[in-house]
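Engineer: Structure incoming, see below.
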Amino acid sequence: MMRRRPATSVRRTTMTSPTTAGSVVLTGAAYGQTWAADYDTLYDDRDDIPAVVEFLRRHARPASVLELGVGTGRLAVPLAAAGMRVVGVDNSPAMLDRLRAKPGAGRVDARLGDMLHPPAEEMFGCVLIAFSTLYLLTDQADQRACITAAAARLAPGGSLVVEGFIPDPDRWHHGHSLQVDRWDPERPAVSVGRLDTTAQTIETLRITHTDGQPRVIANRLRYVLPAELDLLAESAGLTLTGRHRDLTGRPFDPRAHTHVSVYTNPAPHSASPA
C-alpha cells in the first residue's frame, strides 16, 4: 500500500494573485525561474522544428526574427542555425541561462528584457510570440501594449506571428478541469484548472513529482480569442494575412483549439510619378 507524504513535504512556488483573493499565480520572471529546469524535457518534441523554421522563414522579410518570450531557445536556436538573424527577449535569467548553454546558442542574440519594451534599435522581418506567451500578460491593456510594441519593430512587409490556444469546452466541467500532463511512473504530472469565461482567465495548479519530492506550480493566463487578437493587431496598424492551425502552417481548424495568426505591416506604396 502506498503511503502518503505529509502535506508539509509539498514544495509550492507561488505568488498571490492581485485580482482573485486566495488564488496563487506565477507571473513575470517567477514563471521562468520555476519552469526553466523542466521546460525542454516537457516541450522539446512539441513541434516539427524543421517545418516551423520553414514556415517562419517564409514570413520573415527580411530574414530576421525577434522572439518575445524566447525562453530556452526551443525555436530561436534552430532559426539561427538556418541562417536567420535572431534576437530573443525574455525576462527570466534562468530561461536565458538554459538557452545560452545549448549548442549553437552563440548565433542567438539573447537579451534580458520584457515583452512590453522590445529592442528599439532594429527593425525585423518577423516578430514571433509563440506558445501562447502573450497569455502570460494577464491584463488586456498589457496585451494591447505588447502587440503595439511588436508592430513598431516590424520592417515594412514584415509579419507578426502569434501562436495561441482556444479553450476546449470538452475539457472543462462547470469551469474546472483535471488532466494528466505526463504519464511517467518516475516523474508523473497532473494539472487542475479553473476557467473564467467572462474574464478570459485560466488558473492552473500543476502537480509534479520530481527528485522524490511532490511539487505544486501555480499559474494564471488570460487567453485571447482570434477575433480579439485581430482587433488588437488592427489597432496597431497591422493586417491579418493568414490564420493556421500551428506553426507548421497547417490549415486552421477551430476544432483543434489552437491557432497561429499572421499579421503583416503593409509596405508603403511607392509615390506615383508626376
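Going from the start of the chain as shown, residues are counted 1 onward.
Glycine is no exception: its Cβ is also placed from the backbone N, Cα and C atoms.
For 10-21, the entry in TrEMBL reads compositional bias 'Polar residues'. Here TrEMBL flags 65-158 as domain 'Methyltransferase'. The region 'Disordered' annotation in TrEMBL covers 1-21, 249-274.
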Engineer: What is the pLDDT of the domain 'Methyltransferase' (65-158) when averaged and given as a whole number?
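Structural biologist: That region's mean pLDDT is 97.
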Engineer: Taking helix as H, G and I and strand as E and B in DSSP, count the residues of the domain 'Methyltransferase' (65-158) in helix, strand and coil.
Structural biologist: 34 helix, 26 strand, 34 coil
